[in-house]
Amino acid sequence: MNGSLSQHDQERLSTPYRDGPPEETVYLVTGASRGIGRGLIEAFLQRPKSTVVAWLRNVRTATPALSALTVAEGSRMIIVQLNSDSETDAQAAVQTLREEHGVTHLDVVVANAAMATNFGPASTMPLEHLQAHMMVNMYAPVLLFQATRLMLQQSKQQAKFVLIGAPISTITNMHDYSRAPLTAYGVSKLAANYMVRKFHFENKWLTAFIIDPGHVQTDMGDQGARLMGRPQAPTTVADSVAGICARIDEATKETTSGHFVIHTDGSQLPW
């Protein structure tokens with residue numbers, strides 16, 4: 001979904017706390033080497049007194065570009081390896097945060113890493129493609145929450161677990177995306193939505209929700225656009241990231257948790 005941000009959202013992007021944060025805010029983003037993930041790392045680093053944890057697959061190749069990002073006063077970035085197709089990397093990465101970097105809590109965790117590589121009809125989709133998508137798009141966010149849950153509970157702010165979702169995963173609106181040959185991607189994101197909503201109900205202390213980032217000009221987004229006969233996706237990474245940050249900042253347990261919200265204005269998508 002494309003759309004421009006309100007002036008209010010743009011003003012809030014770099015100043016989420018008008019009176020200053022109560023303490024250092026710790027953000028964690030997966031899939032941080034490019035696209036939306038990299039954009040979120042850049043945005044969070046511009047906030048004072050922030051620790052921004054970038055979890056990504058290839059630390060060696062991604063570090064030079066990430067290290068060149070502007071860092072606000074009192075802020076820092078930590079880069080940790082995480083393979084989303086691993087069942088053990090999330091726990092190991094949390095241990096690295098604690099033991100090597102002295103991180104004792106997390107305030108915001110963004111499950112952004114995803115894959116979309118199979119583009120055929122559901123009727124002939126090979127099972128191995130579905131399994132691969134379920135591992136990265138559903139199992140990995142579950143493993144991420146399980147690994148970070150205790151550190152989120154240590155937050156002195158309102159702990160937030162955020163899944164970057166996709167409107168193609170909604171059952172109600174499936175007719176709008178019926179031509180898209182993205183069955184494995186859609187059903188794996190749908191399963192992830194269920195789990196995040198389940199986290200909301202099971203954890204009264206947690207704000208857990210899904211954000212539709214728009215159809216974004218990333219490698220994955222542009223590839224999807226071409227499959228639909230369009231030259232590129234309509235939403236820039238900058239606009240998507242600004243909206244995502246605004247929705248995270250304003251999210252509360254009462255108004256946002258357990259819902260699937262649109263990045264531009266926070267309105268809810270149907271399941």
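Glycine is treated like the rest: Cβ placed from N, Cα and C.
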Candidate sharing the NADP(+) site with Ile36, Tyr185, Lys189, Val216, Thr218 (per Swiss-Prot), from Asn83, Asn112: Asn112
Shell list (NADP(+); ref centroid = CB of Ile36, Asn112, Tyr185, Lys189, Val216, Thr218; cutoff 8 A): Gly35, Ala114, Ile164, Ala166, Pro213, Met220, Gly221
Listed in sequence order, residues with CB under 8 A of Thr218 (NADP(+) binding site) and six or more positions away: Arg34, Gly35, Ile36, Ala233, Val237
Helix, strand or coil at Asn112 (NADP(+) binding site) [DSSP, three-state]: coil
Maximum Cα-Cα separation (Å), residues Ile36, Asn112, Tyr185, Lys189, Val216, Thr218 listed as binding NADP(+): 17
